[in-house]
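The site 'Transition state stabilizer' annotation in Swiss-Prot covers Arg26 and rests on sequence analysis. Feature annotation from Swiss-Prot assigns active site, proton acceptor to Tyr31. Feature annotation from Swiss-Prot assigns substrate binding site to Asn82, His88, Asp95, Ile110, Ser111, Arg120. Summarising the annotation, Swiss-Prot assigns active site, proton donor to His109.
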Amino acid sequence: MPRTRTLANAPIMILNGPNLNLLGQRQPEIYGSDTLADVEALCAKAAAAHGGTVDFRQSNHEGELVDWIHEARLHHVGIVINPAAYSHTSVAILDALNTCDGLPVVEVHISNIHQREEFRHHSYVSLRADGVIAGCGVQGYAFAVERVAALAETGRADA
């Protein structure tokens, strides 16, 4: 059955993992001074440029993120996810994302995870993501929204 969700009738789910509620306060030398509210405004502006909206959420709890992914597969046009530390540990989040057949998923990281500690170099989420954006600061979220919008509009990976 073809997907009937479009940017005009379904939001992009933006999911933020643990400790991102402290964005702007925690390690500003790595993550910058922008707050999560600033990131939400940036994402909303990027989606609006494509006639879309965002459903922006943050949780420090893996199970809640999994529940939201399950919700997104039914009611959203795509997912932008910053799984934060769960990138490197959560098979549960990967498994949830793998249930989202045909739904564009873009992983975003504020810092370049490949320039950080060795344990941060691997991401389980990347195994499902249609794209990964890292090291672009909070602007990476806007890039991720742009990519999800392009994939949602065309349904093509080369969009």
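For all residues, glycine too, the Cβ spot is worked out from N, Cα and C.
Everything Swiss-Prot records as a feature, shown here on the structure.
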{"residue": "Arg26", "record": "site 'Transition state stabilizer'", "Cβ neighbours (10 Å)": "11"}
{"residue": "Tyr31", "record": "active site, proton acceptor", "Cβ neighbours (10 Å)": "19"}
{"residue": "Asn82", "record": "substrate binding site", "Cβ neighbours (10 Å)": "26"}
{"residue": "His88", "record": "substrate binding site", "Cβ neighbours (10 Å)": "16"}
{"residue": "Asp95", "record": "substrate binding site", "Cβ neighbours (10 Å)": "13"}
{"residue": "His109", "record": "active site, proton donor", "Cβ neighbours (10 Å)": "24"}
{"residue": "Ile110", "record": "substrate binding site", "Cβ neighbours (10 Å)": "23"}
{"residue": "Ser111", "record": "substrate binding site", "Cβ neighbours (10 Å)": "17"}
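Cα of Asn82 (substrate binding site) to Cα of the residue listed as 'active site, proton donor': a distance of 6 Å. Mapped onto three states, the DSSP output places Ser111 (substrate binding site) in coil. The binding-site residues listed here (His88, Asp95, Ile110, Ser111) include Ile110, Ser111 as those with a Cα within 10 A of the Cα of the residue listed as 'active site, proton acceptor'. The two recorded residues, Asp95 (substrate binding site) and the residue listed as 'active site, proton donor', have Cα atoms 20 Å apart. Taking the C-alpha positions, the distance from His109 (active site, proton donor) to His88 (substrate binding site) comes to 12 Å.
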